[in-house]
Ligand SMILES: [Zn+2]
């Protein structure tokens, strides 16, 4: 491609040179050269002392530079140069566009190059500029017109070019970039897209790379990418999945933990969108099979959002998932988790203890880290030294040292935990306890005056306790360090504007141990789906609430763990202390009308 350009520029220079040789000095209206006229003027002044030949110049006389020595008509030449630049730009667009659409790139590129090259040659050789320029326009426009006609037939109406809509949008977009806004908000949005700005990551992963953001701005699918991300954020989605299929790229959003399919993309646009995200995330766009990950940021008028990307080759092509980390959605305190007041108070006292071990358990996506972050927010980070080790860091907290480790690269939680204990922390949060070593160091830390927070992958509190004992932590170590275990799930809240009351089955109430006289009604999703509720956009649910089970350890229970008593004895003791199982806590939410019974049974088995 580059060599072709060099060749063309050489042709242009050569033709310029040729015309220079054949050019004649200009004649004025009477058909005489300006030189002759000056001689005549001198002759008419006979008898007088000839004036000093003042304008004496060595070399080129500046008075004549515009007539002699410069043989081009300025405006005509400018016109040709401008057309040349336009031709260069469109040729590279055709090259890129036809590659994206899998058209015959070689054919179209060479047709446009050869025809254009000939046109430029002719404009300098033709005796009449008008005819030459007309021929040039024809040579430039004809293959381009055919190409546009062919590609427009292939793509959906929204991505056709040179249609009245496209030209109007292009104008609005260029004017908007210069700060000039025309048309209403709707026209603006159709042309410039929603108000969201992407900021790419540099290839090192640290810091921003403004060039990648600029690179994607003019690529195909940029508007579609902007709209997709904006729509996902507006719908409160936490993940966006781009999944290639036979002839399209499917899009699914995860909202409140449940996947919803939405409108997909035409295959070529979908792939362009995927490439835009890869460029922003500093990922290798030529690698389409091996898994890759990356990240970038987006700025909206009222907030800043982080994105984590993961791509992976599948049978149909490359799949990508975008995790949306909206800092405004992060929970700032325990009271925002939606727990009843009694539990919030209990948790508050536990997490503010000077030392101990507080563990959150539940499956992936049950909100364990959100709870731990809420707990960390309760602690005065100015007076106490808080250090976290995460894989990866998802939410930033002020005044807390957050360390990111990469388990795939061989870093382990155990190793980092041991090293951060040398940093004199008061409070330590560690992403997950998965192996014996981490469990042992966490217990040791808790016993030596640190408050330790972590998560365990287990379904409920007693299973988590089993897991710890299974990891061969000494029972006396465990007994003296454990403060509390919290198991949790996230249930979707019913939309307050469209939930529907109904009379629960009395037998069910009896089975669930609920007094039938006290429970007036339960709530559920609206039966009729004709009316789409604007609050929840017809989903019926809006946000999520934690359903928890808190197991606190008192002296009696510590003794039981030390003596390796069996679980049923422990359970009985915990119930005696007033512990409620997760299902019971959840039923309270159902009775209050916060969630539905179906939803509770979905998340708590
Ligand atoms: Zn609703």
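Heads up, the Cβ atoms here are built off N, Cα and C, so glycines get one too.
Remember, TrEMBL labels are computer predictions, not curated facts.
Annotated by TrEMBL as transmembrane segment, the relevant range among 16-33, 34-51, 52-69, 70-87 is 70-87.
In TrEMBL, the annotation transmembrane segment applies to 107-140, one of the ranges 107-140, 141-174. Per-residue pLDDT, averaged across the domain 'Bacterial type II secretion system protein E' (421-435), gives 94.
Helix, strand and coil content of the domain 'Bacterial type II secretion system protein E' (421-435), in residues and according to DSSP, is 3 helix, 4 strand, 8 coil.
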